[in-house]
Amino acid sequence: MFYKWYTNLSNRTIAITIVVCICMLYVSYTFNTCLIASINRTWKKAHTSITTMTTPTEETEAPQIKILGSIVRIVPLTGDGIGFDSKNLVNASDGSPKYRFLRQQGLRPSRHLPDALIIGVKKSGTRALLEFIRLHPDVRAAGCEVHFFDRHYAKGLHWYRHHMPPTIEGQITMEKTPSYFITKEAPKRVYHMNPSTKLLVVVRDPVTRAISDYTQARSKKKDMKRFEELAFLNGTSGGIVDTTWGPVKIGVYAKHLERWLEYFPLSQLIFVSGERLIADPAVEIGRVQDFLGLKRVVNEKHFYFNSTKGFPCLLKSEERSSPHCLGKTKGRNHPRIEPQAVDRLREFYQPFNLKFYQLTGINFGWP
Ligand SMILES: Nc1ncnc2c1ncn2[C@@H]1O[C@H](COP(=O)(O)OS(=O)(=O)O)[C@@H](OP(=O)(O)O)[C@H]1O
């Protein structure tokens, strides 16, 4: 009797587990992780900063929430065709006090396709660049990598726009997805969205970049082969470079850039040095603000050097008012690579680096 009851129970548990798994798979397929992360963040914020929520009043037809002691009326966003519902509340509860204030004033931010894109290069400092430039009050950026021009293009521009943050007049919308730089179809697709899109490219010594890329991959797959075995065809450090291996291939910047230059004039691109972004972020951010036609607001006062992390960090940002660094996946310790392998890779990249310097008109001074 007990055995039968126990078997029934475990069968039911298994059935429930399967149903839950299928539902989760469906949800993760339907929505992208960016959206889920953003809902998650908003959910967390709502639980830390919203203390009371009242029901809609007839007069306003909009719910009021009590944030840090003051009553705020949530004004629905326009431009997306989103009605006033719980989904909209997620959007409307954008964490920034600036936006809560604007909504109180009846100003209606709306979502726009990006004016500027950080298109790459992976592991060169793209996150740092985005976090630094979005300190500017006239810049608003999607927090996650949207991957529209590589993975989600079939979903259409309406889908893409919905992933952008709400902006008010005069603000620039930005997004960063480093894989755009190497995606063959991306230049044409971006051009079709808007031929005036400004393109930002962060580049770093391709050898260090390849090691950084490998370090990231190895952090997810512990039994990964050694760098030297993957970067060379015969597995030996001085051998033939495996140009089909992703971390090597991405570093041939000139080849990827040529595809972008088929669609965009050089003047529409800015090249940010990943090395200088670490050594002197204020200078690089100054150039970027000029390029975007923005007043130079972000400057050295926004940064401090964190000697424990070994990187520049932020004194405050829109999301956090206390000093903080980028996450622990940025600025990882790299494994030791045989000097012979490093030398061979430097030799391999040299002609491509020179070509890249010629195309951009900038000597990045990589060894
Ligand atoms: N301020 C600051 N803090 C931490 N890390 C910084 C910073 N500025 C640039 N970097 C460098 O950024 C590298 C990661 O590059 P990305 O953000 O482009 O990586 S990713 O492609 O988005 O995964 C990361 O690479 P690793 O050092 O290999 O982790 C850093 O070297």
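Using N, Cα and C of the backbone, Cβ positions are placed for all residues, glycine too.
TrEMBL entries are annotated by machine, without manual review.
Per TrEMBL, the features are:
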{"type": "ACT_SITE", "residues": "LYS123", "note": "active site, for sulfotransferase activity"}
{"type": "BINDING", "residues": "LYS123, SER124, GLY125, THR126, ARG127, ARG204, SER212, LYS330, GLY331, ARG332, ASN333, HIS334", "note": "3'-phosphoadenylyl sulfate binding site"}
{"type": "DISULFID", "residues": "CYS313-CYS325", "note": "disulfide bond"}
{"type": "DOMAIN", "residues": "114-350", "note": "domain 'Sulfotransferase'"}
{"type": "TRANSMEM", "residues": "12-31", "note": "transmembrane segment"}
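Here the features listed in TrEMBL are placed on the structure.
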| residue | record | Cβ contacts under 8 Å, 6 or more apart |
| --- | --- | --- |
| LYS123 | active site, for sulfotransferase activity | PRO178, ARG204, ARG209, SER212, ASP213, GLN216 |
| GLY125 | 3'-phosphoadenylyl sulfate binding site | VAL202, ARG204, VAL272, GLY274, LEU277, ILE278 |
| ARG127 | 3'-phosphoadenylyl sulfate binding site | LYS176, LEU326, LYS330 |
| CYS313 | disulfide bond | PHE303, TYR304, PHE305, ASN306, PRO323, HIS324, CYS325, LEU326 |
| GLY331 | 3'-phosphoadenylyl sulfate binding site | LYS309, GLY310, PHE311, CYS325 |
| ASN333 | 3'-phosphoadenylyl sulfate binding site | THR215 |
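Among the residues the record lists as binding 3'-phosphoadenylyl sulfate, namely LYS123, SER124, GLY125, THR126, ARG127, ARG204, SER212, LYS330, GLY331, ARG332, ASN333, HIS334, the two farthest apart have Cα atoms separated by 18 Å. A coil conformation is recorded for CYS325 (disulfide bond) in the three-state DSSP classification, outside any helix or strand. For the domain 'Sulfotransferase' (114-350), the model gives a mean pLDDT of 96.
Other C-beta atoms found within 10 angstroms of the C-beta of CYS325 (disulfide bond) number 18, with every protein chain shown included. Taken residue by residue with DSSP, ARG127 (3'-phosphoadenylyl sulfate binding site) is part of a helix. Under DSSP, SER212 (3'-phosphoadenylyl sulfate binding site) is assigned to a helix (H, G or I) in the three-state scheme. Counting every protein chain shown, 22 other Cβ atoms lie within 10 Å of the Cβ of SER212 (3'-phosphoadenylyl sulfate binding site). In the three-state DSSP reading, CYS313 (disulfide bond) counts as strand.
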